[in-house]
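Per TrEMBL, domain 'Heme-copper oxidase subunit III family profile' is recorded for B:31-225. Look at TrEMBL and you will find B:36-56, B:76-100, B:107-128, B:160-186, B:207-224 tagged as transmembrane segment.
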Amino acid sequence: MSAIANESSKEAQEMRHEQHSGPGVYVIIWVALMILTVVTVVTGRMHMPDWGLALALVIASVKGTLVALYFMHLSEHQGANRLVFGCSMLFVVLLLLFTLFDIGTRFRPTLAPNGHPSQWPVATGQSLPYEGTQGPAPLVPTH
Amino acid sequence: MQSNAAAPAHPAGVPPVPQVAAHFASLDVQQHAARLGMWLFLATEILLFAGLFVIYANYRFMFHDGFAAASRHLDLMLGTVNTIVLITSSFTAAMAVHYAKEAKNKMVVVMFVLTILMALGFLVIKYFEYSHKFHVGQLPGPYFSDPNPELQVAGVPMYYAIYFLSTGLHGFHVVIGMIVLGWITIKANRNEFSGRNYTAVELGSMYWHLVDLVWIFLFPMLYLI
């Protein structure tokens, strides 16, 4: 056999004793996912006003974590896989947060005319020239 | 990766020995590299869907009432059944990996055929949901034509645009997953997998778990608000 990369030899020494979960774990995870599905449907039907979606997303995150850790074997594999998955999750959160910060602090003419929130500006600590509930003065004269 | 194409014809019932590429020190390292490559690919898939999640989050912030009204016109029953079908298919895909490691190729075939059948069931249920929406005119953007007074709220056509985009992209992934799993099922039927050679089964089922993972988030976002 010809040239083996040095990193690969080193890794081979470090890779002993990888364990794999068996059908028992899969059954437990499957049952847990089923129960969480029922829970999220029941709580979703209550149509809770403010934190209903937040609760649903927390339950979804728990379910997603179970799938990633046990069905996708992330719990028993080595660092690099977790790093890749963790990084992608981090960037999803960054993408979500920063666009929401943007849309939540915009001034009204850049948003849909009949959208929410109806009170403008959103409390951001800034003073904006487009205050009040009547909506902004048109940017272009309408006559 | 395995190089079964180059391997000579092997006697029936004996799994082919996987070949280790020259630059890998051991089969373990080679499998680890394959797995890492799959995770990198899945990371790009996650970010692809994240774009749709961000669109959803922003428009829901703007059109809170419209999204709530439109969401209540989805069939929660069909959505829940689809969630259960997809989670169960994910479970059978995980079991296929377990059997592949034990060289029980017959059971790998059974598990993947079950998975593909459930995927088909998912798509059939989706077809009924879509055809109902087409029928009543709950369509994206300018094509929205449902006269129901409860749906004459700002943001409802936008909700249906996001609904069809995200479930459509997800359905496309379901179809690709069925093709991938079908191909691996054929390989399992040829008795190709064993404790030393199950990378294809593992990576194929990882793809299927991702399809499940995406639906786990789409379901509450679309059906439960």
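Keep in mind that glycine also has a Cβ here, set from the backbone N, Cα and C atoms.
Quick caveat, the model's predicted, so the values are computed rather than measured.
Long-range contacts of the transmembrane segment (B:36-56) within its own chain (CB-CB distance under 8 A, at least 6 residues past either end) are made by residues 162, 165-166, 169-170, 173, 203, 206-207, 210, 214, 217, 221.
Here the transmembrane segment (B:207-224) has Cβ contacts under 8 Å with residues 38, 42, 45-46, 49, 53, 56, 71, 74, 76, 79-80, 82-83, 86-87, 89-90, 93-94, 115, 163, 166-167, 170, 173-174, 176-177, 180-181 of the same chain, all six or more residues outside its ends.
Averaged over the domain 'Heme-copper oxidase subunit III family profile' (B:31-225), the predicted model has a pLDDT of 92.
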